[in-house]
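Asker: First, the structure itself, so that you have it in front of you.
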Amino acid sequence: MSVRDIRLLGDPVLRTVADPVATFDRELRRLVDDLADTMRDAGGVGLAAPQLGVSLRIFTYLDDSDEVGHLINPVLGPFSEEMMDGEEGCLSLPGLAFDLRRPERVLAVGQNSHGDPVTVEGSGILSRCLQHETDHLDGILFIDRLDKETKRAAMKAIREAEWSNEPKPAVKVSPHPLFGRGR
């Protein structure tokens, strides 16, 4: 178990559709542990494997009781018709957050690190997290879902961000400047 570097916007792995997990072994469980350690260290509420440079369909999240959970090969749906507005950030875009509308509730099904079936019902922040992290597995970043005006502001903020001109698109973000340490 270790804390790894978090990939930043600009790293091609963040725009790649991640591969399904087929082998549930010790190496996979080590990756899940590293995701959890890195997420906690960075003060995030979710972290997907592509954010560590690993193109596999895995993410970790903090549940409503602040416990770390994980989903492998997740599928989302159904989504509630009720929507929620709220500020959303990302460990791969440190220090930035923008208002984004998402469904209030979602059901997520997938597997745990042993290959057993898992179902997670999320509402509020957990729903937002499940949707955000699944987007990462599909090569989608939350800024892709912003309305036109907010996206313009986001692009300006990204260009002005200290990390956007880094020569390497990976940096250890610990703790995340927006969320602080822990939740």
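Glycine residues also receive a Cβ, built from the backbone N, Cα and C atoms like all the rest.
Feature annotation from Swiss-Prot assigns Fe cation binding site to C90, H132, H136. Here Swiss-Prot flags E133 as active site.
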Asker: Below 8 Å Cβ to Cβ and six or more residues apart, same chain only. Which residues does that give for H132 (Fe cation binding site)?
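Answerer: G46, E88, C90, F142 - these are the non-local Cβ neighbours of H132 (Fe cation binding site), listed in sequence order.
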Asker: For the recorded Fe cation site formed by C90, H132, H136, name the remaining residues of the chain with Cβ within 8 Å of the site's Cβ center, in chain order.
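Answerer: Other same-chain residues near the Fe cation site: G46, A48, Q51, L91, S92, E133, D135, L141, F142.
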Asker: Give me the count of other Cβ atoms within 10 A of the Cβ belonging to C90 (Fe cation binding site).
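Answerer: So the number of other Cβ atoms within 10 Å of C90 (Fe cation binding site) is 27.
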Asker: Sorted by position, what residues of the same chain at least six away from H136 (Fe cation binding site) have a C-beta under 8 A from it?
Answerer: L14, A18, A48, P50, Q51, F59
